[in-house]
């Protein structure tokens, strides 16, 4: 079935390794798709062979034989990869087939071919041609292609046999050839002459655009050009500029759809405007060329867009300009990442276009202007794109896969920014090969000289505008204003707290104020630091810098230096009697003059003048926007000083209202933060500090280097350091608090969570139809426009029942039912639930009331009956009770009305009809007079009800034999009514109907004269329509459902979706336009090699616990499994397995519950279904609307053939508005290697015919063609769709399902040069259409009900949202659907949920810093395709490629909004290792962002408050996380210093030192961050908002019980480690996290490898610090808060060491522990080497683990060594604590002696190591004796020391604590200096030492886990904690089953 091993196959390694070799060939040759890439031309022949095989095997054989011959011609030497195997397999098959087919042959091969060709032409092609309407053009296109191949084979066979081809056949072939030129596969628009009858080509807007494009009047065609039919402007551009044919076809369709969609919005009634509207052209042109015109203006060049003076030619010229841009863009490949490079190319080509059209003469040649790169085939690709592409590829190669420093190669941004300078025009046109853009590095030049290559250019240009240098200083440099603010605030607060009263009001005292003013000296120093940093970090871009930028750097540095001198000088003179530093300065400059504070203040005012100006501009953003865009020299000079002139980052400022909102947010936050810091941290710390500084300490426990130092500065630093770190970090906590409150309020105002439960939905259901129609149905013109805004949203009320009832009810019913039936298709609800939820499809004109879904009316009739029966004649009371429950009233009214209609329909007889009419009219009279209960006896109603139910049941079965029974039932009913209910009124009534003939007969009447009541009945009902069936079924439900439907639907996901959708209809959203007038859009999904569809083998494959994915899913989704069995009509799983045809359904069911491509495609194709239904509701006439969409769907097969039918029009509109492209990068490789995934992708294309797949096709050029040897590879960007299913000629059964290529555009080389995914998106973006582009990941999902809101969402692109510009990215809300899998998945989904809701809500409004975070956002497609695409692709720096799209959009004056009335599903990682990998990837990405130019520019170009928002919501979060961990380190190392030096003992009598409140406050803040407080706050607020605060509280408690704090503390370590390592050393890489279900146990060795450096090493270091502190720290045992602080750090240690085992499924199961230990031992002792993967050997893993140091540069290595020195502190401090040396003076020789001991031990270890290598083989006994002797000596010394009291057991423990860290520190330094150590020959010893440490760490971690595994209840507890209960139960069952199976099999063997 499936060839994949398990659910998660390994991704293909490299490109094509041995994929197409013998392993998967042989019989697989039947598959025409498994063809080596160099033989791709023979695939169509093999396809035809498969197609004709059923009808004529001999012809199929001849086709295959011809294919073999052609393959031999293409590659005679079989040099291509896999060609020899392919030919051999094909030949083997031909030998077999020749014998079998010869037997059945009646004529010669030539005759056989000829007769078959004639038969095919007449029977098949002519039949299709003669078919009415030629509607099935797809089959016709396919037939022409097949006929062309058959003729090719026929010709070859005839040549072989020397037979002439008959004239008749030649004639037929000529016709076929003509037609196959016209009938080519198309994407959306068939543009051939025969396509006029296609529905989409009938639209006036399409016709208008096509005819405008075909206006080629006056275009100068080259001489000798052959005219083609229907030639258009793009053909002319192709001829003149040499674009590729498929590129032209692709962009032709693109341009037509774009213009047609914009045109129709200008003219809602298309008939009004037969010509293409100029306004539409102007709109598209403005969007397309906005960036180009801005570029021209920036560089001071005139744009090349010259329009003619003759009005008639303007439209043609505009179309040519647009066509040219799109053709350049469509073929630009990787150049699309360089938008200004495209502007440069376009600038010159548009100028040439203008020259040709204006008939200009070239001054150089004297001839008419011609394009510089002529019009031959592929000229544009070869001569324009390829040279630039090669430069990109060369630079990418220099990056060495991201290992090189960023400063050593130019990334996409550098290459693009070359075109931001006027110098780019030096490149020339035609481009000069020796231009500096193309030039090489010094090394390359040297190589070229040595090889005597021609010179191509001088030195390498270097980086442009910015250098990404790996340094922490980027954090300060990018956000210098924020750091300056914090440093100056800290200084001011310390000064205020230190001086005077220490109160804030003290600032107004003269001296204090003057001291506070010293902050300006600090400000000047910080300015100088920034200026120096700017120069240092930009040094490597100096070659590309313009002179005025260099000048600015120098001026800035000089000015800052002057201020640094001037400020302290004037400050010193402002004091009468200065002290300290001020006094020194004053003495230097002769300080006898009088003081002058006012002079210092004047200097400050001058210093602040630029800031005052910027503050003024900050208050008036519109002035700032104008100035930044201005070209006036004076303005440019002024702006030049404040910030360098740059093409992007200008005019980003928001409106005054937005500015006010985010400024208020930050003002409140900063006041709170600074007040807390002052009162809780700084002020209380001043007094203890003063006290400590006064105390003199003379006794030290160690050798003190500065015994006479004053003020105890070491103690002061140890005290203040953690507090200051927390001061810089705690803004993140305040941000979490304030953003949670603001986000909660914002959400409440947006009406989130108004409908949270089913009960709330029921109570609001009556206003739902009106809300539906208000939001999802376009407004008619006559209606008043809706009010907008928050207040309007709150005051908006919906009528209980709509006024124009019929149509609105019908529309509501169609959409509501579509949603409910999608629930059923997804198996969220059962058949019964679906019946209860559906609203009648067919409108019943006879019922004058709205019919609610039965789940609202269920059990209402039986209850109403009881109430009526017990009412005792009190009418009013019953009415009152009915009026309280409106649904009951509806149910009663509907039942009565339906009963009336039904009886009137059934009874045909005249007299019975009169009686019935009379009864009904009497009842109606009673109802009107409200005397029903008083006058009638309703106690008999139950009898009537019973008879009515029986009648309905007979009607449902509708059998002829039941007619007599129905008569009896009707008579019974008549009797109940006349005798029991209307007893009093019967005689008069019957008399009136019998005209007084109501007499008693005494005589027997003959039979034929007897009157039989109800003899004439309309039964059985022969014209049983769907509407009739539905009506009867509904009536039966209303009457018989006795239990309440309160829990319908019972599935939690269905409830969540229904309530969210209903709630969203009451939120504010734009009005829905008609489908015809909506904005068109595409969805783009990048896919690499993840699961497409689970295979049966993958589903049933069991893990070690006997749990398969299928079993797991059945337990997780039990109700959905039951619903699935019901849907496929199976009673049990066994029955399902027995039916082979349901295997596919089972695979689909499982795949829809995983993170698979199938799930994503189904979700996104809901957009199309929604659009089709909405198009129907827009276009249907009243009669069709009342019949319903279902009726239309039932006739869809026939209707789609006719271009005029409503169904065809709906389909065509959906095509025009929506495209879905999946970019399957590896599809061709997978297809050629017979990979199951390729088949599954093809199956998706067949299921969804409008789905398109784009892929990169890699074709090997064969030796014969190649001019550079056999390895030449050609790359194409291709788009395919499913071909019509090929049917056998003699039967209608389909033979094969294939794809067909629509476009195939050649690329200049391999597309993947950077991060991979961005380039995968980029190559396929040319196949997308429309004005919006939604980027969707392959682990996302969509829902039918959400798809209905898409047209509303797209309208947001036309609204300014209170800002100054319309949105360029629409952010969408996500729902994380993987939360039910395990407790970890639940934490992760809650965390992610809060980010994608409340987090992004606050980012978008009020903060205005939402960017693009992964994928459900909708991009303004035209905006982004002209500005570099939807992500950035440079290797490593753009690791988080998505967020850079948001940065880019914002910097280019875009606007990102967030909308919460629509949601998309999203899968997340579910196991600890997967989650940690994801977190590591994000932390790595943030590390790279810190170095990036985008963040630097945002930090400098935003105003102060928006810059703060940007920092704290991007890298600030990660830096604060790192500071949190750093605080713990600094605190503990500070304590270590105090304890070991003896200072703590000396200060222990200081009360203030003991109860240190500020330290407690600081570390409490740190603990908040540590345990996930930052995550929990917004999470709780969002859950409270959407599900109620009591649920939030329950969830919070449950999360704590499931150890959420452990999880968040653990993730803290992950973020810190990977963010820090990326900043220090680089090594960031994409980490594939997998999308599987984690139901497996991770081995101990795997956990060790993954967490060793990030958690375990750090955890052990902290543990040693804590242990030392516990042993020697005395002072604070009693203080409660202090214990809490210590507990929180111990909690961190334990979490970092043991969380991976705690969250590991079956982590405490004894058998697993034993297996893990064996596996770990094997791994740790395995030798490494070349080709040994890290998973197999510790040595390989260790080498890889320290690999990052190789590329980290000198700075990184020095930093690593400096950080390693901290481990030597332990030894220095602890040696002096040994009991032997306590009495001695604290001499340095003691420390020296300890080093002697360490070196002695190391020498012995080294000696033993050498001995092992030299002697262990030949002198094994001798070596053993030596080893024994060494051991005994060591043991003897130890015993002697203990006996002589020279050492105590405590000393031994201390020695271990001292020497372990020292060894580790030496190891770290040795690793950093690896090249040096290797040269010295000590590397093997270092490796041995490292292995020893790893073994020790492994033991330390393994022992407690193994100990706990002894107790079975620990494992039980863990399973309960880790998985929800259903699965825990399942796990046990599965183990038992596994056991039983084993028992059975063993018995069978016996």
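Using N, Cα and C of the backbone, Cβ positions are placed for all residues, glycine too.
Features as listed in Swiss-Prot:
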- 1-481: topological domain 'Cytoplasmic' (TOPO_DOM)
- 527-552: topological domain 'Cytoplasmic' (TOPO_DOM)
- 574-598: topological domain 'Extracellular' (TOPO_DOM)
- 620-655: topological domain 'Cytoplasmic' (TOPO_DOM)
- 677-713: topological domain 'Extracellular' (TOPO_DOM)
- 735-1511: topological domain 'Cytoplasmic' (TOPO_DOM)
- 1533-1560: topological domain 'Extracellular' (TOPO_DOM)
- 1582-1591: topological domain 'Cytoplasmic' (TOPO_DOM)
- 1613-1655: topological domain 'Extracellular' (TOPO_DOM)
- 1677-1682: topological domain 'Cytoplasmic' (TOPO_DOM)
- 1704-1755: topological domain 'Extracellular' (TOPO_DOM)
- 1777-1787: topological domain 'Cytoplasmic' (TOPO_DOM)
- 1809-1827: topological domain 'Extracellular' (TOPO_DOM)
- 1873-1894: topological domain 'Extracellular' (TOPO_DOM)
- 1916-1950: topological domain 'Cytoplasmic' (TOPO_DOM)
- 482-502: transmembrane segment (TRANSMEM)
- 599-619: transmembrane segment (TRANSMEM)
- 656-676: transmembrane segment (TRANSMEM)
- 1561-1581: transmembrane segment (TRANSMEM)
- 1592-1612: transmembrane segment (TRANSMEM)
- 1656-1676: transmembrane segment (TRANSMEM)
- 1683-1703: transmembrane segment (TRANSMEM)
- 1756-1776: transmembrane segment (TRANSMEM)
- 1788-1808: transmembrane segment (TRANSMEM)
- 1828-1848: transmembrane segment (TRANSMEM)
- 1852-1872: transmembrane segment (TRANSMEM)
- 1895-1915: transmembrane segment (TRANSMEM)
Would you say the transmembrane segment (482-502) and the transmembrane segment (1683-1703) are in contact under the rule of three or more C-beta pairs closer than 8 Å, pairs 6 or more apart in sequence?
no
By a Cβ-Cβ criterion of under 8 Å, what residues six or more beyond either terminus of the transmembrane segment (1788-1808) are in contact with it?
703, 1771-1772, 1775-1776, 1781, 1826-1827, 1830, 1858-1859, 1862-1863, 1885, 1888-1889
Between the transmembrane segment (1756-1776) and the transmembrane segment (1656-1676), are there three or more CB pairs that fall under 8 A, provided the residues in each pair are separated by 6 or more in sequence?
yes
For the topological domain 'Extracellular' (1809-1827), the averaged pLDDT of the predicted model is 72
Give the nonlocal contacts of the topological domain 'Extracellular' (1873-1894) in its own chain as ranges (CB under 8 Å, at least six residues past its ends).
1652, 1724, 1738-1739, 1742, 1746, 1749-1750, 1757, 1761, 1802, 1805-1806, 1809, 1863-1864, 1866-1867
What residues elsewhere in the chain lie close to the topological domain 'Cytoplasmic' (1582-1591), defined as a C-beta under 8 angstroms and at least 6 residues from its ends?
743-744, 747-748, 752-753, 756, 1390, 1393-1394, 1397-1398
Against which stretches of its own chain does the topological domain 'Extracellular' (1613-1655) lie, if we need a Cβ under 8 Å and a gap of at least six residues from its ends?
7-8, 11, 402, 405, 470-472, 1090-1091, 1103-1105, 1107, 1109, 1112-1113, 1154-1156, 1315-1317, 1339, 1381-1382, 1436, 1439, 1467, 1469-1488, 1490-1491, 1518-1519, 1521-1522, 1524-1525, 1696-1697, 1699-1701, 1704-1707, 1709, 1712-1713, 1715-1717, 1719-1720, 1723-1724, 1734-1735, 1741, 1745, 1747-1749, 1751-1752, 1756, 1759-1760, 1894, 1897-1898, 1901-1902, 1905, 1927
Long-range environment of the topological domain 'Cytoplasmic' (527-552) - Cβ separation under 8 angstroms, sequence gap at least 6:
407, 418, 421, 423, 459, 461-467, 469, 471, 473-474, 476-477, 480, 484, 559-561, 563-564, 640-641, 644
Tally of helix, strand and coil residues over the topological domain 'Cytoplasmic' (1582-1591) according to DSSP?
9 helix, 0 strand, 1 coil
By DSSP, what is the split of the topological domain 'Extracellular' (1613-1655) into helix, strand and coil residues?
25 helix, 0 strand, 18 coil
Count the residues of the topological domain 'Cytoplasmic' (527-552) that DSSP assigns to helix (H, G, I), to strand (E, B) and to coil, and report the three numbers in that order.
24 helix, 0 strand, 2 coil
Helix, strand and coil totals (DSSP H, G, I; E, B; other) for the topological domain 'Extracellular' (677-713)
19 helix, 0 strand, 18 coil
Where else in the chain does the topological domain 'Cytoplasmic' (620-655) make close Cβ contacts, counting only residues six or more beyond its ends and a cut-off under 8 Å?
295, 297-298, 300, 340, 417, 420, 465, 548-549, 552, 555, 610, 614, 1362-1364, 1408, 1448, 1450-1453, 1497-1498, 1500-1503, 1506
According to DSSP, how is the topological domain 'Cytoplasmic' (620-655) divided among helix, strand and coil residues?
19 helix, 0 strand, 17 coil
Residues outside the topological domain 'Extracellular' (677-713) whose C-beta sits under 8 Å from one of its C-beta atoms, at least 6 past its ends, are 490, 493-494, 496-498, 502, 504, 719-720, 723, 726-727, 730, 1540-1543, 1545-1547, 1550, 1552-1553, 1556-1559, 1561-1562, 1772-1773, 1776-1777, 1786-1788, 1790-1791
How does the topological domain 'Extracellular' (1704-1755) divide up by DSSP, counting helix, then strand, then coil residues?
32 helix, 0 strand, 20 coil
Is it possible to list how many residues within the topological domain 'Extracellular' (1873-1894) are helical, extended or coil according to DSSP?
19 helix, 0 strand, 3 coil
